[in-house]
Amino acid sequence: MADSHDAPFRLRSYQAEMVEESMQSNIICVMDTGSGKTHIAIDRTRAELEICRPDKIVWFLAPTVTLCEQQFAVFKSNLPGYGIQLLSGKDNLDHWTDQGVWDDVLLNIRIVLSTHQVLLDALSHGFVKMRNLSLLIFDEAHHCSLKHPAHRIMSDFYKPRIGTELPRILGLSASPIKTAKVTSEDLQQIERNLCATVKTPKLHRSELLRYVHRPHLMRIDYPVEPQDLQSNMLSFLKSAYTNYDLQKDPWVSELLQQRQQGHDVTKNIHKVFIGGKTYCRDQLRSLALKAEAMSQELGMSVMDWYLRGCITQFSKMVHMSDSQLLDWSADEKRHLLEILRTLPSIDLNSHDIPPMSLGSMSHKLQLLIKFLVAEAKHDPEFTCLVFVEQRVWVACIAEVLAIHPETRDLLRVGTFVGESENSKRKANIASISEPRNQQATLENFRAGKLNLILATSVLEEGIDVSSCHLVVCFESPKNLKSFVQRRGRARKEESKYVIFVPQAGRRRDPESWQSLEEGMKAAYLDDLRQVKLATEKEQQSETGHRNFEVKSTGALLTLDNASQHLHHFCSILGAGPYIDNRPQFEFTEIRPGVITARVILPLTVDPEVRTACALDTWATEKMAKQDAAFEAYKALYVAGLVNDNLLPARQEADDELSELQIPDHRPSLVPVSPTLDPWPLFARHQQQNPHVYYRTRLTLHTVDDKPKHLILLTPKILPDIPELLLYWNSSTKLKIESSWLHDVVLNDEEISELKSVTYKILYSVFHNRMELNRRDFVWLVAPCDESGLLDSRIWLSEWRQHTCLATELIAQNSDWSLWGLVNQKGDARKYTPRSTSMNNQLWLLQLMQLPKRRDFLHPVLESANINDAYTKTDEMAAKDCIVDPVPAPYSVFALLLPSILHRFGMAIIAETLRTTLLGPVALDSAHSLLLTRALKSSAADGNDNYQRLEFLGDCILKFIATVHLMAANPKWPESHLTAKKGRIVSNGFLARATIAAGLDRFMITKSFTGAKWAPRYAGDLLAETGPAVKEERSSKLIADIIESLIGACYTVGGFEKAVLCVQTLLPLEPWISVPAANSILHEAAPAEADLMGLDVLETLIGYTFKKKPLLLEALTHASFSGPHVHCSYERLEFLGDAVLDYIISKRLHAHSPELSHQKMHAIRTATVNASFLAFRLFETTIDEETINKTSMRPESQKRAIWQFLRSGSPSLNANRDNALRQHEQVRDEIIIGLNEAARFPWHLFALTDPPKFLSDMVESVIGAVYIDSLGDILTCEAIVRRLGILDCLDHILCNGVDCLHPKERLGHLAVDKGVQYARVGMNTEPNEGDKMYKCQVKVGGEDVGDVAEGLKRLNAETVAAWKAVGVLESRKDSAIEIVSDVEEFFDADDGGGISLDDP
């Protein structure tokens, strides 16, 4: 079978054809060695296990134990999710005499690999039944003939049961016939034996020939060694055998002694003397024959070394009582050793084998050395496989090459001779010098540590050997099968296949072998002549004319440019390290000279347009290919995957919006309208209805005093605002309650009086910022009682016109609670009176200082050094104090009015937005506060701003966009969906939409300070008629407002309101509601009823699929080309990413107490990053019980989702296994870090580098469950919890785990010092050749922490940052300070935050 370590592959179309043929009927797949039969077996097995019942078994049969062992490893690597068992004679199967033992060993086993004899015996004894098997795979199927166990399996147990429940048959072979005399009857016999039909990929023969490189066949003639040359040692050995005295043989002596003792051994004695066979004599004969053959093949000096080695090793084993000689009697060992002592040049006193002499090597061996040296020197990438007939010759040639001066430093030699013969027989002295089998030889050869393997025929059939550029047959192949199999090992381009041929030999010339092979293949594949003819026809001139024009643009598709267009389309579908996105073409010769073609596009393309056929027939493949490409590309255009310019579909920006030239990639400053000023509208209403006023009662609650009331009159009704909290100082808070009163109609006199009262109240505090005697206020204020009635004390006659001394008021016995603000003579500071007292005939005032602050909306930080003077009572002499005329409580109200009116102003903006732009969303007035929060940037309010809602809205928009695009574009590949979604949620697109809708007018971007506050006058507001001056704002901030409003609408009414908001603010896209999209996606999903083998997977996931193909699609990598495939998982991963993000973000936003947006971003990044998801994928397992075939004790096998990934890339499997090793190395540390550490263990995850497809699997499974459950988020949450993600999130939230990334934390610790990650050298570590990235953190130019290393740059920088953080935090002066007063926050998708993917 083909080696599985070749370059990454996409199952070639001829391989896919063979799998499909096998799904339909029993076949014998005949393809050249190296053409990928292993991949066919793997995909056919996977397909069978997906559709058969869970109690069925796939049984793979191979002719040798070595081949079984190799394929066992291949199956385990490619199908790790299924129980796999290897059975061989090593397992002492002859002791398994009870059905219970077999039942135990096969418990939860889905794939068995064994030799044919193992299955035959199991069937013969009834331990295994044919009805229990679902698929029988016969590797090297040409063995199924005569009395071979493969044939007996079929003749004794399969054919008699035809008509009952039987397994499918798949035969694999490169040579269906083992002999040179091939007839049609021979082929038919093999087909009859296997109840199958010989199939070869006739449809794709041209492709097959492209991938299978036939080597250049050459011969090396060598002279046969003279027969009369003899060495003294060999002559003595042959003489010892010829003149062997049977009377002295220990076995004969024992028989004669038994006869003397009365035992009836006459028959045995007669047999010995007639046949002359005893064990000692047979050993001499075997040694002499092997030595004589070796002298002919390798030469006298090599033969002498071999004999000395065998005899010396035998002597050593006798003296050490080696276990290999346990079956020998002591007399036999001594007797044979004494005979061998008589050989010349043998010194049995030394146990060291004398060195070999190179003086008398055979001409054949010398030619081999000369040829190998020449080839190795010519080709720096020399790799060679030398087939040698006998095992002992392998050892001898290896020794020659190891010591020969021309080869010892040039060739790196390994040996491979497979398993020894029956290990239960007595040791053979002639085989003592055989090389022991070295399994590491193959691994070292693949790794390049060896460049030449000396092997016996065991490497002919199926053993996984990397492709060689040179294959040498030291002896001519014994049969056609050997010739074909060995030739298949030379699979590199420009490779050579060399056969040594004796000049006087009788064996066939290699050219005749090739001729016979072609004749044999013609019996079942009569296409070689057609291929040759097709090659000639390809060189002929053929033209075609067909056009397709897009009327709107004039873009023209022709037969000549279609292939180029199609290749470009496929190239941008999304590249990957394991994926070949090129279109594949198949050609079919309908009749001689008439060809048609079919093209197959990558798996990411929708099935409806994935294939296309040529419209016409052609004489050449070139034109058929162009025709198929033309039809394919036209179909892509019709499906909307190609635009009117005949380019891959791209969403053009709206012309009107694109004129704004706002880039999509990063924040930039763009001109926007200033924030809506609500008061001019009030002035116009006042002008139109001067006597109508709407009343709002304001109530001030303080800690010590009783509530104070003020009525606010406005020409338009004010929106209702909730209780307003004002900050008097760092410890004292004031509350303002507002309530609506019925509107009133005032006469001119009442209005005039109210304006005067308003003027007096405001003037008491803001006299420096008011125009003298100007009273055209747009709103009015006046004292009122609890019911809202105007206080009688408002009449001007009751209020003094001027200030007066405090002593005068005391003398008048005036109530101090009605006094105005107090100040000392010559001091502008104002105080509120608290009480009066007499001390030593001196009146004293207890006063509390009035704050100079004008902003009471924001808390006063302790660090601001605001003392407690605003609540502490000071004492002053009354004679030094001046009292203002307006009662102090109303002056305090006036001091608070700017803050109150600012809050009302923001509420008016939000209410205006609610009733205008957001009118279609139908929000209630009660939601104005939420809208206000959604409109405020962090610069406007550092505590209560849009950022939490933006965090939620960003996620909601991406979710809505994802499900909408999936439903609206069912044929779009993931790359198109990702590009379109990226444009919809990009800063540029959202900023353009914000400006186009006029939403920028509602953004509140400036923080209230009150420092320059002054009352607004109606005359000024009405006079403002010029165009508003544009302001520059960040496009990110503008875009965030849409997301925050979406978040607010979702908070109010879930996805229904959120989608209405999206439809309103982003009207260019024809949005589909979430429920409608869910229905569309569910209905579009394929539903097949014959997938019965997914029980383990569904148990792992914790969900039973109604449409099971969705589950297979979620686990199908784009490199897969097997059966039962709808699409690869990219679209589901695209959806699952949004679903997972939504589940996490929703829980974070709903958490109580509320989390800051920085914490939410950090936690979400931690719980959805690729390393964490891959970790959870590895950790999510179930136990499956199996029985250890050696100890017969139960064992628990871990089954995991990742084991069921359907891919077609060996390199993907290698990277998966590497990620699993990394996981196992750090698993315990990560678990402790996740469960016990106060900080998320970013630095431990940085020690792993899982490939993206692992985290993709998590998201694709979630996406599949979402579609299958019709968008049931609770079901999806259950899956996310099953994967351990939500449990980790709960732990983080419950224990306050800090998830800030070390690189971000280091930036905070560094404050204003620059942070650099300086790369240190470029070292290649010896461990698997991984290139490790090393870096050193520098803070302010100083090295901090140790040098850190990682598999990639980001990994190394993360570990380095973690180390540096530890150093800085250990210093006394370090303190982390997270800056939160920035105007906007960047998340990872928008270019900010921490991205965990190495760029």
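Cβ atoms are placed via backbone N, Cα and C, with glycine included.
For the Mg(2+) site, Swiss-Prot lists Asp1256, Glu1259; matching the candidates Glu1130, Glu1133, Glu1154, Glu1369 against that entry yields Glu1133. Checked against Swiss-Prot, the range among 139-142, 1191-1194, 1295-1298 recorded as motif 'DEAH box' is 139-142. Summed and averaged per residue, pLDDT over the domain 'RNase III 2' (1094-1270) gives 94.
Counted over residue pairs 6 or more apart, the CB atoms of the domain 'Helicase ATP-binding' (18-194) and the domain 'DRBM' (1301-1370) come under 8 Å in fewer than three pairs, which marks the two as apart. Within the same chain, residues at least six positions away from Asp1256 (Mg(2+) binding site) with a Cβ under 8 Å of its Cβ are Tyr1129, Glu1130, Glu1133. Using the Cβ center of Glu1133, Asp1256, Glu1259 for Mg(2+), the list of other same-chain residues with Cβ within 8 Å runs, in sequence order, Tyr1129, Glu1130, Leu1132, Phe1134, Gly1136, Asp1137, Ser1255, Met1257, Val1258, Ser1260, Gly1263. Here the recorded positions are Lys37, Lys1252, and the one whose Cβ sees the fewest other Cβ atoms within 10 Å is Lys1252. Around the Cβ of Thr38 (ATP binding site), the number of neighbouring Cβ atoms within 10 Å comes to 24.
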